[in-house]
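What follows is a single structure, written as structure tokens, with notes after it.
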Amino acid sequence: MENMLTQTAARPLPTGAPLTATSQPVIHLRDIEKVYQTKTIETVALNRVNLTINKGEFVSIMGPSGCGKSTLLSIIGLLDEPTSGVIELDGRPVQSYSDKELAYLRNQKIGFVFQSYHLINDLSVLDNVELPLLYRAGVGGKERRERAYAALDKVGLSARTNHFPSQLSGGQRQRVAIARALAGRPEIILADEPTGNLDSVMGEEIMDLLLGLNQQEGTTIVMVTHDEQQAHKTQRLIRFFDGSQVS
Amino acid sequence: MIRHLFTLIWNRKRSNFLLMAEILLSFFVLFVVSVLLVNNYYNYRQPMGFTSDNVWEFNINPGQDTINRKETLRRLVQELKATPGVAAVTWTSNTPFSFSNNNTDEYRYKDKGAPQTEIFDTDDDMVKVLGLNVVAGRWYDSRDDASSRHTIVVNQRFADEMFGQESAVGKVLTNDKHDEEWQIVGVVEAFRSGSDFASNDPTIFIRRALQDTARMSNTEQATLLVRVQPGSAAVLEQQLVRKIKAVTKGWDANVNTLAENRKDKLKFVMTPLIALGLVGLFLIINVALGLFGVLWYNINQRKAEIGLRRALGATGNAISRQFLGEMLVVTTLGVAGGLLLAVQFPLLGVFGLATPVYFMAMLLATVLVFTLTAICALQPSRIAAAIQPAVSLREE
Ligand SMILES: Nc1ncnc2c1ncn2[C@@H]1O[C@H](COP(=O)(O)OP(=O)(O)OP(=O)(O)O)[C@@H](O)[C@H]1O
Ligand SMILES: [Mg+2]
């Protein structure tokens, strides 16, 4: 089986969007391969992926279900190791980072929006959003609270701060997951279908929020989406395609 | 972080409550097992109250000889005492480490009944033969010949239980019918006569004199305890046996050393003790496994949470600290409940054991429970934290 990576290099930029991307690479993937091995089957989820993402870029990734988008994102997000290949973050291969340094990078640099949200059911919405700041030295309780409120406000959930995830709709949970990624004010946001569960109006709003972050704060964003329209609003669209095999 | 910890514990109160209950129960089982084990150890470490080295026990059977038994015995004791190498001889109704005992609760002081009390009828030389440690008053002697009451010496335990802070010396005990009286002339420190693991039970020594004709029945065998010079050997033993034959003209006699008897008795009490120890060990392992299972399951349920925290920037150590912290709080609550229950035992005097035994057992059970829960909290969270976050995140 073969995964193909098609890069559409010259996409027209959305009208009026200032060019925030630089030519300074933050993420660089070289010959990344990911093979999932189970008892019965071997799945090649990523097959020799080469990809460079520059600082301040807003990239979207599209492709059919099961083609390895989430896998790619979790490797970029330092949540999983590739079977082979090299990932460089700010020019340094991540294999050389210690466990502590990796934790630091995940905490300070990267904000991850998971496809399946991953909220802690035993914590309130507010506590969930505060979580990344909890692992950051030098951020006091008051500041944590304020930044969590601000992030929840941005996704329109300030009225739900004391709810628990089980008391929220799917779309609301998704927005909590987005707020959690925003609260840490990361340099890089990795969003796995962040609007997948939202109605079109809400999806638009989140999209605008991300665009705003990208343009005003220079946040580098990699977003997986199934929405062509949204994808076209970003600076670069990468298409992932699973060649032959479906497991 | 501390606040976060308490928020988490509070929000998970239902499952934490179950954990707490499990910990409380485990603590309690460990406590009861500990009490049994600690009690034996505690007894073992207490003073015996006497020395059994260089003491020989002669069991003398007069057989059909009913004439002048008392007189013969009196002469025998004198002859033995006069033998070189013999330090002291006493005529006693019972000996330490024997397999039979004689006890009663017939004594009373004013309105107060005595506890179950071990009784030894002995003569004036018992104190010398066994090296008893008299801590108040004196041992009985010829000065008591004229007494109209029985003369007795009690051990400190008896004195404490009967008179508390008051001095026992001079007190007069009676029985239910008020037709006999016992005057206390002295107190000995302890008398753990049962075995190395026996407790220091309330004991009284009642004076009997060979002059007193009332106290040797026709069926009674005579038991003599003889303290010999250190290093005395078989030669002296032969000599003493020959002397017994000569003086008594054919009474039967056999000899043991108290040291041997002590060993025999130890062997005898060790068997149930080892069984108890094994049952205790089995219970501890059982509780440990139960606790381990519950805690392990609890933390395994939270693998996704661990993955998420790792993804958001928690280090492996931060994860371990969090789970350790949570378990510490829950365990403390569970143990506190258990201690509240356990402390009722000494307060209500359920088993009637020495108070330090309960507290040592509480300490032991507490240490065991905390160690177990710490391992149970650390081990699974360590393992989970070492997995790639993406992998543990999938465990939902
Ligand atoms: N833990 C795993 N073990 C085995 N196979 C896996 C595992 N995780 C993913 N895969 C396989 O890897 C391939 C890529 O999965 P991935 O989740 O990256 O797809 P995706 O592009 O994100 O799909 P979707 O759009 O449905 O989210 C799939 O074929 C999937 O079955
Ligand atoms: Mg996916």
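Start at 1 and count along the chain as shown; that gives each residue its number.
Each residue, glycine too, has its Cβ placed from N, Cα and C.
The domain 'MacB-like periplasmic core' annotation in TrEMBL covers B:31-235. Taken together, the residues of the domain 'MacB-like periplasmic core' (B:31-235) have an average pLDDT of 88.
Residues or ranges marked as domain 'ABC3 transporter permease C-terminal' by TrEMBL: B:278-389.
Summarising the annotation, TrEMBL assigns transmembrane segment to B:21-42 (among others).
Through the fold, the transmembrane segment (B:273-299) approaches residues 15, 18-19, 22-23, 26, 29-30, 33, 36-37, 40, 197, 323, 327, 368-369, 372-373, 375-377, 379-381, 384 of its own chain, all at least 6 residues removed from its boundaries and within a Cβ separation under 8 Å. Positions annotated as transmembrane segment by TrEMBL: B:273-299 (among others).
The transmembrane segment annotation in TrEMBL covers B:327-351 (among others).
Taken from TrEMBL, the feature transmembrane segment applies to B:357-378 (among others). Proximity of distant same-chain residues to the transmembrane segment (B:357-378), defined by a Cβ-Cβ separation under 8 Å and at least 6 residues beyond the stretch ends, is recorded for 23, 26-28, 30-31, 34-35, 37-39, 42, 284, 287-288, 291-292, 295-296, 299, 320, 323-324, 326-328, 330-331, 334-335, 338-339, 342-343, 345-346.
With DSSP classes pooled into helix, strand and coil, the tally for the domain 'ABC3 transporter permease C-terminal' (B:278-389) is 97 helix, 0 strand, 15 coil.
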